[in-house]
């Protein structure tokens, strides 16, 4: 019996995927020329699976800030902020985030994953209750495991089921933290946050919204779904990431709670991880300001998302409930999902292949993430390629029948 024997089924499934084409989990970019163009295996490729929603990875001001920071502060911090102190860019980033969200406190983490891991495991523990949307991200589930709170799942995007679960708790002791996402990362659907906030007001507890995929995308100023739904006052904690709209890496949490700052000395994923390199913190501060200065990026992003969503839907692909920057097409079976992904990559379109058990309802899907930087011509080229390969593989007609 070996250490990896428990994973033999995954090993065999992984090998089977690699045996029929490129490895979708180890794609290597020979070059990346822009937010939307790269080279994969020597082929010019449209990038449609990078979560680069506003295209800010190549923003000239963000790049200049990053270069200046690395020249003046070096390549890294070599330790946590607890042990090695904070650089001015860390403090500036937290101040700008607090100002942007209109909150008293902001805390920056080294990754978005660690933000959820740290915040959730610190806020609720044994004897408390963590009420999660069933389709929550892995980082949310992992945070719940680290904190040992009782996990109660409610049906995806179902406020009535949330209320039912809370009623069942009755007068049970312990704090209650409701956790939802702004935009869900697999198929791009949006939480019914106004209704969820109403349940929270009626039944009590705290509400945390993970705005990882909705920051910079939703809301009049880009603050996310809480802003778009008009319920920011009902949201106690907002968690987000810098690796989507802001084109960097890192995570954060903002809150108005007076005691929030104690998190810095009790939150283990914050305390025992090296802090963001100065270059990353500097580029993120600049990208945040650029996002605020350019609301037209959100408009362009939403137009591009609608163009791709409408095109795929019209061809007969089984898309999500509404257009968002994440445009997923559910495939009839895993074999054709893998073949479709390989065909698109060979034709110069890179997007994400998502397979069970990581997908809603255990159905394979192709996941595209649109950018404000995509041109109409690029999206139309993607649609043409999708249609040709989907027809050749017999994907579209079975999906049309399934939709009917």
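Cβ from N, Cα, C; glycine included.
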Determine which of 78, 122, 241 appears in Swiss-Prot for the same pyridoxal 5'-phosphate site as 112, 113, 185, 213.
241
In sequence order, which same-chain residues at least six apart have a C-beta under 8 angstroms from residue 185 (pyridoxal 5'-phosphate binding site)?
137, 212, 213, 326
Residue 112 (pyridoxal 5'-phosphate binding site) and residue 244 (N6-(pyridoxal phosphate)lysine), Cα-Cα, nearest whole angstrom:
10
Beyond the listed site residues 112, 113, 185, 213, 241, identify every same-chain residue whose Cβ lies within 8 Å of the center of their Cβ atoms for the pyridoxal 5'-phosphate site.
116, 137, 139, 210, 212, 240, 243, 244, 251
Once near-sequence residues are set aside, which residues in the chain of residue 241 (pyridoxal 5'-phosphate binding site), 6 or more away, have Cβ atoms under 8 Å from its Cβ?
111, 112, 115, 212, 215, 250, 251, 252
